[in-house]
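Trainee: Take this structure, written in structure tokens, and hold onto it; I'll ask about it next.
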Amino acid sequence: MKQYLELMQKVLDEGTQKNDRTGTGTLSIFGHQMRFNLREGFPLVTTKRCHLRSIIHELLWFLQGDTNVAYLHENNVTIWDEWADENGNLGPVYGKQWRAWPAPDGRHIDQITTVMNQLKNDPDSRRIIVSAWNVGELDKMALAPCHAFFQFYVADGKLSCQLYQRSCDVFLGLPFNIASYALLVHMMAQQCDLEVGDFVWTGGDTHLYSNHMEQTHLQLSREPRALPKLVIKRKPDSIFDYRFEDFEIEGYDPHPGIKAPVAI
């Protein structure tokens, strides 16, 4: 994960001070890309411990089309609590857009099922895309999508994915995002009998919050360790049938966790 630390340093060295929606203040750069070869290890940050339980359960929650935090709470995941209303609802966030994008004619489009069918039946298509950025529903969402648009690409029997993230909290959010989409690529590759290729991350407003500077310098002082390996223990009938216990990370030996406040 050397490229992640290099991004942190780049934001420190080249970032512009900007105000933001949360009132916290950031150092920000615009436009950055990282590429992770998923055959060389699972891209889970090692310079601090990442909460893998939250990453896995959040992705499974997205894939079910869920937008209420009840499932997350049942599994001791609290990462969405700050944005939920008193009933645990978040509005039409990621899960709704992935699984039930509302069309003008009243249909609801399941983008994940569409993508799975494309990967199996038309893998050379240049339209294997999922978007969470539904302009007509942004004002109903508790939080507008940060990781907003992703595309799959098949070549030489390998499945790759590129994500466009319009807003990126480099210290807290980005390690989750990288691991989550890497996990999704592994799951989709298994379902389609493909090998994994690359995960390409592209960031728009890529920033460090002003109250994460001490933590960032601490993390930069640490030496990255070997990447772990993801093991998927079974092949379910569909992309929607995975369970938390299907996943195991082997050889994850991170430095201790580093706490930091969330900008809401």
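Every residue gets a Cβ built from N, Cα and C, even glycine.
Below, the features straight out of Swiss-Prot:
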type	residues	note
ACT_SITE	C146	active site, nucleophile
BINDING	R21, R126, R127, R166, S167, C168, D169, N177, H207, L208, Y209	dUMP binding site
BINDING	H51, D169, A263	(6R)-5,10-methylene-5,6,7,8-tetrahydrofolate binding site
Trainee: What Cα-Cα separation, expressed in whole Å, is found between A263 ((6R)-5,10-methylene-5,6,7,8-tetrahydrofolate binding site) and R127 (dUMP binding site)?
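Mentor: So the alpha carbons of A263 ((6R)-5,10-methylene-5,6,7,8-tetrahydrofolate binding site) and R127 (dUMP binding site) sit roughly 34 Å from each other.
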Trainee: Compared by Cα position, which of the recorded positions C146, S167, D169, H207 is the closest one to H51 ((6R)-5,10-methylene-5,6,7,8-tetrahydrofolate binding site)?
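Mentor: Nearest candidate: D169.
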Trainee: Of all the binding-site residues given, namely R127, S167, D169, H207, Y209, which is spatially nearest to the residue listed as 'active site, nucleophile' at the Cα level?
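Mentor: The smallest Cα gap between the residue listed as 'active site, nucleophile' and any of the binding-site residues is with S167.
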Trainee: Excluding near sequence neighbours, so keeping only residues 6 or more apart in the same chain, what lies with its CB under 8 A of R127 (dUMP binding site)?
Mentor: Q118
Trainee: Does H207 (dUMP binding site) have same-chain partners at least 6 apart in sequence with Cβ under 8 Å from its own Cβ, and which are they?
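Mentor: Listed in sequence order, they are V11, G15, K18, D20, T26, L27, S28, I29, S167, C168, D169, V170.
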